[in-house]
Amino acid sequence: MNLFNLDRFRFEKRSKIEEAPEAAPQPSQARPSSPISLSAEEENAEGEGSRANTPDSDVTEKTEDSSVPEPPDNERKASLSCFQNQRAIQEYIDLSSDTEDVSPNCSSTVQEKKFSKDTVIIVSEPSEDEESHDLPSVTRRNDSSELEDLSELEDLKDAKLQTLKELFPQRSDSDLLKLIESTSTMDGAIAAALLMFGDAGGGPRKRKLSSSSEEDDVNDDQSVKQPRGDRGEESNESAEASSNWEKQESIVLKLQKEFPNFDKQELREVLKEHEWMYTEALESLKVFAEDQDVQCASQSEVTNGKEVARNQNYSKNATKIKMKQKISVKPQNGFNKKRKKNVFNPKKAVEDSEYDSGSDAGSSLDEDYSSCEEVMEDGYKGKILHFLQVSSIAELTLIPKCSQKKAQKITELRPFNNWEALFTKMSKINGLSEDLIWNCKTVIQERDVVIRLMNKCEDISNKLTKQVTMLTGNGGGWNREQPSLLNQSLSLKPYQKVGLNWLALVHKHGLNGILADEMGLGKTIQAIAFLAYLFQEGNKGPHLIVVPASTIDNWLREVNLWCPSLNVLCYYGSQEERKQIRFNIHNKYEDYNVIVTTYNCAISSSDDRSLFRRLKLNYAIFDEGHMLKNMGSIRYQHLMTINARNRLLLTGTPVQNNLLELMSLLNFVMPHMFSSSTSEIRRMFSSKTKPADEQSIYEKERIAHAKQIIKPFILRRVKEEVLKLLPPKKDRIELCAMSEKQEQLYSGLFNRLKKSINNLEKNTEMCNVMMQLRKMANHPLLHRQYYTPEKLKEMSQLMLKEPTHCEANPDLIFEDMEVMTDFELHVLCKQYQHINSYQLDMDLILDSGKFRALGCILSELKQKGDRVVLFSQFTMMLDILEVLLKHHQHRYLRLDGKTQISERIHLIDEFNTDMDIFVFLLSTKAGGLGINLTSANVVILHDIDCNPYNDKQAEDRCHRVGQTKEVLVIKLISQGTIEESMLKINQQKLKLEQDMTTVDEADEGSMPADIATLLKTSMGL
């Protein structure tokens, strides 16, 4: 804005003042004229329009906040300030802010504070004519309120100073403070600075402000010609903006009551990240509020083996860093209402790196905005040149906007001898551009983030190792004996004592961990022993244990068996039952140390989630922690809001499909360490695994990086290492040739689906081609082949003779039958008398390649005296298997997802005690978790899962602690079908776990071997 425009605004304002009616009473009649009153009026002038139309409820709220009511226009005294017309200046500032990308919290509408009713603040120096005025009539509040106002004033002054420093970086703080003290508003200070210093301080800002001023001149010319009606609309808009600001400030004050340790500016930033949604901001703050009580081992000190007391209250600077690292990270799931396109911005990356400790890779990318070219420092030039020269195609695809084809083109252009040659070659090829070169910086920064995480984790691991070594060397020992609270008739295995000591060690250092022992090694017992240890140390809870529904009875039983001293509350049941439990908890009618609940009950409703957000839990233990492998899922986000000081995951399969799942688990247990780097972790570890012979050097490095990162936080032991006396487990692949009829049906289905794919036909079968092929490979009756449409029409007519269907429509009955499988129709024929003759023959029911093989296998096992646990993915397959077992007169029990939770434990007990029961039928999903079936020694997988770890879970129902016989695992695979491909893929997935857990030649041991070995040494094991 130039001086001419400013003078014109003053002239217009003076004209309005001269035209104003003289009969209006002046404020001086009610109180002495002073610069104080002038400043106060000037401070509140902007919000006048909004207060005129405020409803009664809003007026009441303002009274409670002790805000100053504004006098009407006709009572205002004419101000003599040279910056009267704030509207025009505000337009100028808004335009400049848009151009400069200035944060909204720097604008006056956010930074200005409302002052209480009786407080008068001096914001401008009095003139010589007014210095003689006394101030005896000025009333003040009590000292505490006055201190609060002074604190608010200081915050306001600091915010204004920070804003002016951004706009005028070449000016000293003292000059800018004088401007702030001489004016009452942010707009006035900026306008005064523009008059005194010129447009703004140098560089790109100067050019942008100049262009903004030119645009503002045009807008000023237009504003002179505006009719009064338009100016009235502007006034309404200004009033609306002021009203929005007041609402935002009320939200900030409301949030500050919940978190008094946070500054208002920090709370504003949190609210802006959540689009001023109070409830979402409150939940985010609550998630990380307890993290202030938990410090990373890198931040703690260890002296002579004694625990240094945790610092419960962070300093303000630490809190600010924490807020920016955590709260600013938005959830990566459906909670985001708007998901903006992630476009790499070099300038923003540099600015972000100044405060984000999780992504500040020491950025040396320097943008020169005085010209159109982007200039990059030589350090990054060399890194980018080397990256494009040596990276594989898989690595190049990590570059934003770089597809597989573009990566292939880049490799064909090699070698790149220098920077200029790189630009020349890239610009000549269609589809390639200079943007790919600049975007390489993103990948390099992400790698730097991973390297920093590795270094941080290595420091933690070294401290833990040093601590155990020191304790062992001093002879003090780290041998946490079995807690006395545990049942004295039961004893922990030696390796379980090592697990207990490891849990105690990471707890002492303020870390959270993942107990990832192989299935069947007693993770449940180790967790219960750890809770007993905490109880003896004075930490009596409350603790939370979240488990799958199928294992809740087993957990309750084990806790009562191993540690009856712990008071356990089971949070499970219908909505009404859980409502009563919540009522008892809130009113402290329940006496408990541990709450046991299921994943579904913990997060199924808002009331359930609210309960665990409000409860201040010490430890939250999550059984089958691999259910948290997807950090983008709603379940993951809901469980993250559980208000627990510490977290412990129990999982037998920490690595399943890719390394990202493992990183998701780490982010869950240590959010204050990993949450600031989730985007980098997601990109670096999300690629699929490959066989060892196809892995590039980079992919092997990724596995090494992941091993280094997880080392301090995870304890993983396999049965072969710790259970020397555990009977071995043998795996056997049984290739089953399909029956002649089944092979014909499979070939016909395969050709039909293949033809549909080639013709790009969109039909219902194409929705799940793989599932259709799997079902046919298992049993033909899982499709409808034998019940032709003609048969179904006859059956639908006969159904009208049934008393239950005498008035039914045969066409509708026919439609219902069309979507049923052969076996479902067979069961239907058995239920109704008039269609009983349409039942399938037993030969058709048993006509399956797997059934032929299974019949022979079961006969042999029964003769040997073995007992069998038989798993299937499909409940309908279990129905057909029941027919097979009845036909061969084998006694059996069945458990699947439809079995009531209360009945499951009784079925398990019955099978383990009644040795005459030969087979236990189980669905893989319902019966593969947390069930002890050591009375059986043979596991048959009728059909394998796409996830091999689900099958491993099923196998370990028998191969676990307590097993006395050799365990045989038989997998039935239909020969020449899709199941052979599934088996090959599953073997590749299992290879990833081997890569993560086996000992490399260059390493001293597996992931936690150094710590675990030292613990065993200190315990004399």
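Backbone N, Cα and C atoms are what each Cβ position is placed from, and that goes for glycine too.
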Seminar exercise, completed: Of S81, S151, S489, the residue that Swiss-Prot annotates as phosphoserine is S151
Exercise. In Swiss-Prot, which of these is labelled phosphoserine: S127, S137, S357, S484?
Worked result: S127
Problem set entry | Swiss-Prot annotation, phosphoserine - which of S124, S370, S491 | S124
For this session: Among S108, S145, S223, S315, find the residue to which Swiss-Prot assigns the annotation phosphoserine.
Result: S145
Seminar exercise, completed: Feature phosphoserine (Swiss-Prot), candidate list S66, S144, S211, assigned to S144
Seminar exercise, completed: In this predicted model, the domain 'CUE 1' (156-198) has a mean pLDDT of 75
For this session: Give the residue counts of the domain 'CUE 2' (247-290) per reduced DSSP state, in the order helix, strand, coil.
Result: 35 helix, 0 strand, 9 coil
Exercise. When the domain 'CUE 1' (156-198) is classified with DSSP, how many of its residues are helical, how many are strand and how many are coil?
Worked result: 34 helix, 0 strand, 9 coil
